[in-house]
C-alpha cells in the first residue's frame, strides 16, 4: 500500500497523468485542432521574427515591439495578397484550358488523333463525379482560408498583448490549481523549446529550397517568379507533402509555356532539389537541432501523418523530441 501511495504521489506519475489529461482535452477538441495548431505555428514564427528584428533595430534606435509586429504582419499580408492575386488567376485559366481540352476530346473522339488506349481511358472517366470532388476540394480550401484568417488574427492579438497575457496567466501560480498550472507551464516550456528546434531547421530548409527552386524556374524561363517563390516557401514548411503540392501549379504553368517536355524538366529539377534537401540540407539542419537519426525522423513522419494527418508532418518530430525531453533522454551523443 505504501508503495502504491508513493507512486501516486510521485512527480513523474503526476506529470504523466496531467499529460494524458491534456491529450484527452486535445482529442475532444479535434474539430478545432486546425485552428489551434495553425495559430500556434504562426504565433511562434512571427514572435521569433519579431524578437530578431526588434533586437537588431534596438542597436540603433529604441522601438516598441508592437510597431515591429504590426509592420511584419502588414508586409506578410501584402506579400500574400500580391502573390495570390498574380498567381491564382493564371492557375485558374490554365486549369480551365486543360479541362476544356479534356472535355472536347471526350465529346469529339472522332476529331482527335490520340491513341485508342487514351481514348478508352477518357471514355471511362466519370466527369460529373470528378466535378463534385473538385467542388468538395474548393469548399475545403475555403474552410482552410477561413481558418488561416482567424489564426492570423488570433496570433496578431496574442503578440500585441503578450506581456499582459503572461502577467495575467502567471496569477494562476497563486491559485488553488497552482499544482496543475505549474505542470502545464513545465510542459509548455518543454514543447516550445522542442518545437522551436524543428521549426528553425524547417525554416532554413524552406529558405534554401525556395532559393534553389526559384533559380531553377528562372533558368527554365518561368514567369510569375515572385508569386511562385512565395508559394514554394510556404509549401516548403510542410515536409514531403509540400513538394507534391508545389508540383501542381508548376506543372500547369510548365504545360502552358513549354508543353509536356517542360513538365518533365520541372519534374527532374524538383527531384534533384529534393535529393539535395533530403540527403544534404535536411540531415545537416535537423541533426544539429534535434540530434535524431534519419531513420527515426522518417518513421516518426510516417506514423504521425497516419494519426494526425498533414499536421503530423509538421508537429510529429517536435512531439517526439518533447517526449524525449520529458523522459530526460540525452540526445547529445551519437547513437
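Just so you know, glycine gets a Cβ as well, placed from its N, Cα and C.
As annotated in TrEMBL, transmembrane segment covers the listed stretch 65-88 rather than the other ranges in 17-40, 41-64, 65-88. Between the transmembrane segment (252-276) and the stretches 65-88, 144-160, 198-218, 296-324, it is 198-218 that has the most C-beta pairs under 8 angstroms.
Looking at which of 65-88, 144-160, 296-324 has the most CB pairs under 8 Å to the transmembrane segment (198-218), the answer is the stretch 296-324.
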